[in-house]
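What follows is a single structure, written as structure tokens, with notes after it.
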Amino acid sequence: MNRREFLKTSALTAVAVAAMSKLPGAALSAAEAPAAGPLPDLVAVRNGTPAEMFRKGIEALGGMKAFVKPGQKVVVKPNIGWDKKPEEAANTNPELVAEIVRQALAAGASEVTVFDHTCNEWQSCYKNSGIAAAVTEAGGKVLPANLKEHYSRVERPEAVKMKNALIHNAILEADVFINVPVLKHHGGAKMSCAMKNFMGLVEDRGFMHRNDLQQCIADAVLYRKPDLNVVDAYRIVTSNGPRGVTPADVKTPKYQLLSRDIVAVDTMAARIIGFPLESIPHLKLGEKLGYGTMDTAKLKIARIDA
Amino acid sequence: MRRLPRILRIVAAAVSLVISLSLFCGSGVALSNWAAFQLGPALARLAAAFTFGALGIAVLILALTFLFGRFYCVLLCPLGILQDLIGALSFRKSRPVKNFPLVRYWVLLAALLALALGWAIGWRLLDPFSEFGAIAGGVGARIHTALYNHWNPETTLPVRPGFGWSLAAGLVPLAILTALVVWKKRIYCTAVCPVGTLLGLAAKSGWFRLTLDKEQCVKCGKCVRSCPSGCIALAKGEIDNERCVRCMNCFSACPVGAIHYGHPAAAPVDMDRRRLLIGGAATAAVTVAAVCGFKPTAKQAAADQGAVYPPGAGSAARFRSKCTGCQLCVVNCRGNVLRPAGDGADTVHLKFDRGMCEFNCDNCGRVCPTGAIVPMALPDKRRCRIGLAEYIPPLCVAVADGTDCGACAEHCPTGALRMEPDSRGIRIPKLTSELCIGCGSCEYACPVRPERAIVVRPVPIQVRSTDPEEYFRTHAKPAEPAPAGDDGWLI
């Protein structure tokens, strides 16, 4: 860590600590934070545990209070798609999900719910991913997403292919939506990350697969723009994704990305996993729908070693 | 004090029935050892997948029955306890029932021959545990699921399909059983049940017996009216210990204490040996002829060829000859893919319209009480090929529309399906059959309707698939993450 980085991180940390303190008006001053200059658009953290990296990353973005106001309902949407253990990296890291739940509650959230529309039998996924236990211990609540009655019909005329969809009620009811994908290779979409994670909000995934998957992934984000995206790239499946078949499919780069911009965060994620951007068409389609940018050179990016 | 044995029997039977019902209501794996102590399934296991454990259990049950009588029928057999329950609810008094020794011996012989010769249907229709399974799995489990899901909306149990058929498969035996009980209480147990007959043979000249002391007896008939087996002949002052299920009702009912339980001196009455031999020979001949003559029709044979059987079934022929259709696997299937007989196959089979055979689940082999599904360690089950995927390119979204899909490859647990670019650069499924285990993940996930672009075809015999780790070590190199920049950051 060089001196400039050290100073920058210290300043950000100081602001964040102020923000976390119980002084009246602390959150306000952090959100405006003129002294430290504008907050970064995207934060990349590396070389820590998933929970450590999140603590550093969210500090750099102004602390959890910049995202969660007291009394708000928060929904955290990890990837819990598979009946796989944490070290198999097919699901979001449970420690990371738990840390987000804890911080959201500490910031005053009235409740924090966690769910995913799983691919394998849902109770095995919730249990064996370690996420159900971690979330419950952190004070959050896991919700089922296995029945049609957990979803409501929503219309988005501006979507290109998926103009209406059944979307999980927790997403529709929440004040704050934190999207927490795990970065993975994906046979169909090429890469599974923040945008692809939206397939877990949708009841009829078959429709998306049938009707131009890449466009439908881009369309899905229109149903509820996330307030924060946290990409878990601590362990990643780099081949035979999204499930992974053998231990050789899993790599451990120990990264984490945080941003409000879902296209930008996925663009950076593609660089971590080493896939050409043009092989992941939903990035460009998302940019075209106007909710994010692939031009990461124009973004203010903070790089932090945890 | 004379009432105590009956009260203890009722309490123990109630606990036992609840445990047996739990087997079919989501606790099959946790309680699989309970099912192992069912004599009918243990006998079936001797024929299907011999283990010394099953032999030990059968010998133990028969030995205890020789020593103490048919307590098994009132304490362990869920169908027997269910009959006592129906009998109590019917409020009808018991009457003496005619003894049908030859009927039950011939039924026992026919059932054992059917089992030995591999005609599981013959055994299935007579075995009390399989009948209880049809009732508990088809009716009880459905009621339990509906109530559970009503009260626990956040942890719902899977709803099993095939409502009408499976409900009928449970309701019909329940109706027949109820009619028999209302008519003559446990007549099924004393005239038909092959397990009961076997136990009766062990108990007939057993060590401890129930006897009626003619000197003390006042002929009030209270014992006769309380006896569900109808095995007390008051005029002769005899209790038929072969049919007696040791409910202890008579012992408790007798106002003068004329009924004794202990080791008696008198010898039991002998059977008419000639009639027994002739009848037995005739039954054997008829059963062998029935089994040998049982040839599936062309339609049935086609249906069997079209079915995928659970991992450990071996082959269609083996499985059909061993499965008694008790439904324990069906109601404990995590992926909700196991279906009872009917729906295109005449025994338990898999359908992938509601899920896939879950890669990390081996419940069916663990709960199967008869060994028809040979239990396998999870790593072996994960490589047991129960079917083989067939990819139909013209139907595939990726081929037809030129858009990405990958639902099949996404769900494939073994890497048998991977997406690879075709000549146009479109990622289409590539099937490596040697890795395929036929789990149906691809068929379930395929979004194409009405005909799916990838379907699991049955295999003639279940074999071991190639080890994915071995395969990918030699055939494919996993992609490396992008090289780090000058400052060590990937991005």
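Think of each number as a place in line: the chain as shown, counted from 1.
Glycine residues also receive a Cβ, built from the backbone N, Cα and C atoms like all the rest.
Bear in mind that TrEMBL entries carry predicted annotations, made automatically and left uncurated.
Annotated features in TrEMBL:
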DOMAIN    B:208-237  domain '4Fe-4S ferredoxin-type'
DOMAIN    B:238-264  domain '4Fe-4S ferredoxin-type'
DOMAIN    B:314-343  domain '4Fe-4S ferredoxin-type'
DOMAIN    B:348-378  domain '4Fe-4S ferredoxin-type'
DOMAIN    B:393-422  domain '4Fe-4S ferredoxin-type'
DOMAIN    B:427-459  domain '4Fe-4S ferredoxin-type'
REGION    B:470-491  region 'Disordered'
TRANSMEM  B:42-64  transmembrane segment
TRANSMEM  B:103-125  transmembrane segment
TRANSMEM  B:163-183  transmembrane segment
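Nonlocal intrachain contacts for the transmembrane segment (B:42-64), taken as residues 6+ away from its ends with a CB within less than 8 angstroms of a stretch CB, comprise 36, 71-72, 112, 115-116, 118, 120, 123, 127, 195, 198-199, 202, 322, 324, 369-372, 374. The DSSP breakdown of the domain '4Fe-4S ferredoxin-type' (B:314-343) into helical (H, G, I), extended (E, B) and coil residues amounts to 11 helix, 4 strand, 15 coil. Among the stretches B:208-237, B:238-264, B:393-422, B:427-459, the one making the largest number of Cβ pairs under 8 Å with the domain '4Fe-4S ferredoxin-type' (B:348-378) is B:427-459. Over the domain '4Fe-4S ferredoxin-type' (B:238-264), the average per-residue pLDDT in this prediction is 94. Break the domain '4Fe-4S ferredoxin-type' (B:348-378) down by DSSP state and the numbers are 6 helix, 2 strand, 23 coil.
Taking DSSP states H, G and I as helix and E and B as strand, the domain '4Fe-4S ferredoxin-type' (B:238-264) has 5 helix, 6 strand, 16 coil. Mapped onto DSSP classes, the domain '4Fe-4S ferredoxin-type' (B:208-237) shows 5 helix, 6 strand, 19 coil.
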